[in-house]
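Feature annotations, reproduced from TrEMBL:
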{"type": "BINDING", "residues": "N111, H116, E121", "note": "oxalate binding site"}
{"type": "BINDING", "residues": "H114, H116, E121, H163", "note": "Mn(2+) binding site"}
{"type": "DISULFID", "residues": "C35-C52", "note": "disulfide bond"}
{"type": "DOMAIN", "residues": "66-217", "note": "domain 'Cupin type-1'"}
{"type": "SIGNAL", "residues": "1-25", "note": "signal peptide"}
Amino acid sequence: MQIMKAKYLVRAVALLALAFSLASAYDPSPLQDFCVAVKNPASAVFVNGKFCNDPKLATANDFFFSGLNVPRNTLNPLGSNVTAVNVDNLAGLNTLGISLARVDFAPYGLNPPHTHPRGTEFLIVLEGTLYVGFVTSNGDGNRLFTKTLYPGDVFVFPIGLIHFQFNVGKTNAVAFAGLSSQNPGVITIAKAIFGSDPKINPDVLAKAFQVDKNLVGYLQKQFWSDNN
């Protein structure tokens, strides 16, 4: 069993390396949700990405992250845990246009429908069985593409499209993801809609989802309690 796991881990690392080698040397798109212009550069705080350190001061630790071999705690309502490795915790990724993540699943755990506004994702399964999929844009008819993945299988989620991963097995599952941005961002659909701060007017959501306003209030209460 350990040999099998090691074999899949080697494949995962190889695929990540291949994808990263094909990645652009920079992120061509915004690296945060917005970047408002200022007339006086002296008052500027943010750049599109991170400020760069003097290359002569760089060390090996700037390009090093440890611990993705450690299983994460999945004792939560969704039964999943995402460990992201991006420019915020691996400074050497700045300007390189790549990031990655480990995703742990409890039995029947879910990484709920979400989107990465700034990155395409590919996923490789190391352990377990995952039902995954994405939905295309309105202009393409909101078509659903799904696949059941087993250890060693890979699936790609195009940039910006809503996607999900669901553990359909009775055992834990583990997957690794590579993303085409140093800061791909993540918008969890249900949490963004029902847990926004401040709350979206319930009349808007009741109309959009064609449901009773009381149901909207109930859902907002669930997510609002998580955020506050």
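Every residue gets a Cβ built from N, Cα and C, even glycine.
Structural mapping of features recorded in TrEMBL.
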residue : record               : contacts (Cβ under 8 Å, 6+ apart)
C35     : disulfide bond       : F46, N48
C52     : disulfide bond       : N94, T95
N111    : oxalate binding site : L78, S80, V82, V103, F105, F164, Q165, F166
H114    : Mn(2+) binding site  : I162, H163, F164, V186, I187, T188, I189
H116    : oxalate binding site : F157, I159, G160, L179, S181, P184, G185, V186, I187
E121    : oxalate binding site : V156, F157, H163, A177, G178, L179, S180, P184
Exercise. Excluding N111, H116, E121, please set out which residues of the same chain place their CB within 8 Å of the center of the CB atoms of the oxalate site, keeping sequence order.
Key: A101, H114, T115, L123, F157, H163, Q165, A177, L179, P184, V186
Exercise. Other than H114, H116, E121, H163, which residues of the same chain sit close to Mn(2+)? List them in sequence order, counting a residue when its Cβ is within 8 Å of the Cβ centroid of the site.
Key: T115, G119, F134, F157, L161, I162, P184, V186
Quiz item: 10 Å Cβ neighbour count around H163 (Mn(2+) binding site)?
Solution: 22
